[in-house]
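S.K.: Take a look at the following structure, please.
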Amino acid sequence: MVAIIGTALHWSDVLVLLLYFLLILGFGVWSSCKNRGSVGGYFLAGRSMHFIPVGASLFASNIGSGHFIGLAGSGASSGIAVAGFEIGAIHWLMVLGWLFVPVYMRAEVFTMPQYIKMRYGGERIRVYLTCLALMLSIFTKISVDLYSGAIFLQQALNWNLYGSVIALILLAAFFTVGGGLTAVIWTDFIQTVIMVVSAFILMIISFVRVGGMQQIRNLFPYAVAYTTLHNTTECGVPNENYFSLIRSFDADLPWFGIFFGNGVASIWYWSCDQVIVQRTLAAKNLTHARAGCLVAGMLKFLPLFLMVFPGMIARILFPDEIGCADPDVCYEVCHSRNGCNDIAYPLLVLRLMPHAIRGLTLACMIAALMSSLTSIFNSSSTIFTIDIWQRFRRNAHDWELMIVGRVFVMILVGISILWIPIIRASQGARLFDYIQAVSSFLAPPVTACYLLGVLWKRINEEGAFWGLISGLFVGMIRFIWEYSYTAMLCQLGHLDKRPSVIQFNFLYFSALLFIISAIVTIVVSLLTKPIPEKYICGLTFFDLDNLEKAIEIPTRPGCMHKANTYYDEEQPYPFENSSSYHINQPPTETEKKALHFFETGDSTGIVFYLKTAFAWICGLEKTDELDGQSICSSSHPHDNTSNRRSITSIHDEHVSSWHKEVSYAAIIILALCAFVWAFFTDYRIRLN
């Protein structure tokens, strides 16, 4: 057995890579000149984005290098069932556009924890969700992309792991620091085009090489390594239901778990996660936000054909490498003892793609990694700036918030680099399985908190908080218990001796954990006092027509205080308004001193150019506006946040000239989704 080695790039591949980077840099610099001068511009792109870049950004933010590596690897391992996660996401994109986004826009929020603060009051839920979101962004999303990107770079180019990944992180951080969400969305847009085009080329070449879809169906069950033919176990043998999206209850990806267990995690990901929701909040209006969800939904049909089927083809063409079952042989092939399914996509690129086109595909992989990283960097910096920094700096000006956001991006870069050794130490598919488990253990309580809060006014802060805590407690018990055991290697005579509780499918556990969290939330809410109407006007889906503006729920200063909505209204209440924005207050003496650098110095020479460069990086393009307002005031010409997100903005959408057409298109897409489910289902499978 010969180990897979890196391949030197042809000069045409290098040329394509250089053209790609020049194109992305051009878009980044161009978009960095837009919407840089205000908080709304930097964090929400001035809320002026068209539905096409919004939809493309939703897709690109979701589809990272982890999908190319992971979906192709899962397809090579067990067939098309993994595409059920992608097809199912179309339903939840519709839920985002038609259920959650109207509520978020009506609430006029920047971040998801900010909505939770308005809906429930108090600080403890918001602190819990903010910290959870930051941890998930740093240690799961970034780590998955870096892990899968490292696999591709090692297999395809034989580059130095640390140097390559650090360069990609720094390049991704450049766009986020320089231009905020506008740069992120526009670079996402062009990178989505690159991803789809190059993946289409590889898909066509792969289908031609294997002989079409029917040949995939005929040959895949026989795509086994030579070592598998000499043992009596099922290790290395493809799943018997390899060509069905819907599988039985006892399968690895059962239909009930895909629809309901994955549905719980998907509602969290698509409707409650800052990375995704921030793209829809950047849309011009509700109709553009919904149309963006439709564009992303249409694009979500592609992974089945662009990633899963090519993964199956890779196993058919290279069964000894990708289908290896013996741990020693697998380690010789891909330096992992848990299997080599994850090298399926890199092998296709190396062995099937012609020169120049191979460079375009490599650019596609880099684009996928950068798209995900830029989205995570920007969204995480938004959460930190709005939900954490303003707790300590309630009178912070726009210029300070933007500087803090950019500095936090650099902190994320540092943490990501420090995380690389842990990624490299994680062998095989362990890290990918770890990410799936984390979603199952942590997402269901958060889903219950948001979904019940959006749908039912009776849910209060006490119920939501104890629902989150109880769900976290149960989920962490399962998490710690499961990962206290080592991974089960696929080899002769090695039986899975883990407790049956741990072998309980994580998709079923996700649905069970959601039910537990929802029950606790409802019961505690019903046993405690409801939130008075005046505090939650227009903050639930069935109350969008309420023209009254909600009053902020009073809360004692401090991180872990709960809401207090039952005080005597006739007496003054000393609690602080903890989430109000004071971005137009006159600067303090300390702030004026901090800005002294921008007011003094010679207008010529090196000092002037240093000041200009630093001001551009920090978005401080109005350094003379210090008297009575912030440097980057909210009157930026592209920042129509305040004048557009009025109380009546949601109502205005219903008379939009193409509002009904968007809803009809959603019905058509859902019907097409049902057709795909039915077409790729083996009806000989028993569903019980």
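Each Cβ is built from the backbone N, Cα and C atoms, and glycine gets one as well.
Note: TrEMBL annotation is automatic and uncurated.
In case it's useful when we look at the structure, here is the feature table from TrEMBL:
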TRANSMEM  12-30  transmembrane segment
TRANSMEM  51-73  transmembrane segment
TRANSMEM  79-104  transmembrane segment
TRANSMEM  125-144  transmembrane segment
TRANSMEM  253-270  transmembrane segment
TRANSMEM  291-313  transmembrane segment
TRANSMEM  356-378  transmembrane segment
TRANSMEM  399-422  transmembrane segment
TRANSMEM  434-456  transmembrane segment
TRANSMEM  463-481  transmembrane segment
TRANSMEM  501-527  transmembrane segment
TRANSMEM  662-680  transmembrane segment
S.K.: Counting Cβ pairs under 8 Å that are 6 or more apart in sequence, does the total for the transmembrane segment (51-73) and the transmembrane segment (399-422) reach three or more?
M.R.: no
S.K.: Could you pull out which residues elsewhere in the chain have a CB under 8 Å from any CB of the transmembrane segment (463-481), counting only those six or more residues past its ends?
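M.R.: Apart from its flanks, the transmembrane segment (463-481) reaches 116, 120, 122, 124-125, 128-129, 437-438, 440-442, 444-446, 448-449, 452-453, 499, 501-502, 509, 513-514, 516-518, 520-526, 528, 562.
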S.K.: Compare 79-104, 399-422, 434-456 by their Cβ pairs under 8 Å to the transmembrane segment (291-313) and return the stretch that comes out on top.
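M.R.: Between the candidates 79-104, 399-422, 434-456, the best contact partner of the transmembrane segment (291-313) is 79-104.
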